[in-house]
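What Swiss-Prot says about this one:
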ACT_SITE  Ser173  active site, nucleophile
ACT_SITE  Asp201  active site, charge relay system
ACT_SITE  His266  active site, charge relay system
DISULFID  Cys39-Cys123  disulfide bond
DISULFID  Cys212-Cys217  disulfide bond
DISULFID  Cys255-Cys264  disulfide bond
DISULFID  Cys281-Cys305  disulfide bond
DISULFID  Cys282-Cys330  disulfide bond
DISULFID  Cys298-Cys303  disulfide bond
SIGNAL    1-21  signal peptide
Amino acid sequence: MNLKYLLLFFCLVQVLHYCYSHGDPSLSNELDRGLIPKCKLVPEQISFVLSTRENQNGVFLTLDNLSKGGILPKSDLSSIPVIFLIHGFISSANNSNYVDMTKALLEKNDCMVISIDWRDGACTHEFKILKFIGYPNAVKNTRAVGKYIADFTKLLMQKYKVSLANIRLIGHSLGAQIAGFAGKEYQKFKLGKYPEIIGLDPAGPLFKSNDCSERICETDAHYVQIIHTSNNLGTERTLGTVDFYVNNGYNQPGCYLSFLGEACSHTRAVKYFTECIRHECCLIGVPQSKNPQPVSKCTRKECVCIGLNAKTYPKTGSFYVPVESKAPYCNNKGKKI
């Protein structure tokens with residue numbers, strides 16, 4: 001990400017947040033009419049890319065072709081784990097970080113990975129710097145994408161017998177906020193809750209001061225796992241059942257201490273989680289305190305490992321996670337808990 005664009009992005013988000021939230025409607029209207037990209041979200045253009053061990057290149061799904069049947073490998077998917085993967089701002093499902101995570105998930109388990117591509121609503125196709133100042137409109141699109149995922153989930157369960165117990169949502173940045181909204185929308189069907197939502201450094205700008213109904217929240221699923229890696233593009237606020245603050249939640253090792261480094265830290269959440277899947281690297285979370293205990297003294301009773309098995313640990317709350325600067329990032333000398 002270009003440094004000058006990132007600097008401008010931070011400045012513009014602050015200005016736009018003031019205009020939209022603090023009552024300067026004339027300026028907001030002018031911005032809406034001209035400067036800010038619309039980043040228009042058309043539900044029909046949201047695609048779901050299905051990857052399996054047999055077809056890792058992906059099959060494009062929509063609510064329309066899914067409802068017609070015959071598009072998925074078989075009609076009874078009750079025993080198959082399903083993982084929704086949701087990208088963030090100015091990104092897409094074919095971003096290399098999500099492709100790497102998809103491969104790691106498929107190597108780990110025989111599952112279906114469904115990557116949600118909402119690139120138009122995420123401002124991905126807008127012109128250069130304009131895509132950055134479209135952020136407020138991308139934020140506005142997140143709830144609609146979340147509802148679409150909830151509708152898609154319901155159809156999967158009704159038509160293909162997918163078990164709710166086998167569904168997990170993983171989202172990065174705005175994608176994490178979308179996962180939270182999907183959890184809220186699905187609960188409106190009165191069919192239960194998603195078992196787990198994993199938020200990888202949930203987007204902070206325009207969400208930090210929101211209450212639970214307007215951001216990812218621990219009530220959105222039975223278990224909500226949050227990985228914090230940046231405090232500007234992300235947020236320091238506790239959001240989930242467990243909140244992991246990697247390197248205290250900011251300035252990740254190996255990322256430069258600059259605005260460009262902030263983007264690096266923000267993306268590290270995805271890389272950390274992928275390494276936890278790929279290498280079964282136990283990034284150990286130690287209960288947060290002024291003087292956190294050494295990782296070497298951790299036991300399963302009071303510490304938790306980031307990853308797909310986090311919810312099998314009894315402890316909840318906030319955790320400090322030390323990491324190394326290079327993959328696989330483990331800073332535990334091979335310790336397992």
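Cβ coordinates come from backbone N, Cα and C, glycine included.
Here Cys282 (disulfide bond) comes close to Cys276, Cys305, Gly307, Cys330, Asn332, Lys335, Lys336, Ile337: these same-chain residues lie at least six apart in sequence, with C-beta atoms under 8 angstroms from its C-beta.
When the recorded positions Cys123, Asp201, Cys281, Cys303 are ranked by how far their Cα is from the Cα of Cys264 (disulfide bond), Asp201 comes first. The two recorded residues, Cys212 (disulfide bond) and Asp201 (active site, charge relay system), show a Cα separation of 17 Å. The disulfide-bonded residues considered are Cys212, Cys255, Cys264; of these, Cys212 has the fewest other C-beta atoms within 10 angstroms of its C-beta.
Across the structure, the residue listed as 'active site, nucleophile' and Cys255 (disulfide bond) place their CA atoms 18 angstrom apart. Around His266 (active site, charge relay system), the same-chain residues at least 6 positions away in sequence with a Cβ under 8 Å from its Cβ are Ser173, Asp201, Thr229, Ser230, Leu233, Gly234. A distance of 20 Å separates the Cα atom of Cys255 (disulfide bond) from that of Cys281 (disulfide bond). Following the DSSP three-state reduction, the secondary structure of Cys305 (disulfide bond) is strand.
Of Cys39, Cys123, Cys281, Cys298, Cys303, all annotated as disulfide-bonded residues, the residue with the shortest Cα distance to Cys217 (disulfide bond) is Cys303.
For Cys298 (disulfide bond) paired with Cys281 (disulfide bond), the C-alpha to C-alpha distance reads 15 Å. You'll find the Cα of Cys281 (disulfide bond) roughly 15 Å from the Cα of Cys303 (disulfide bond).
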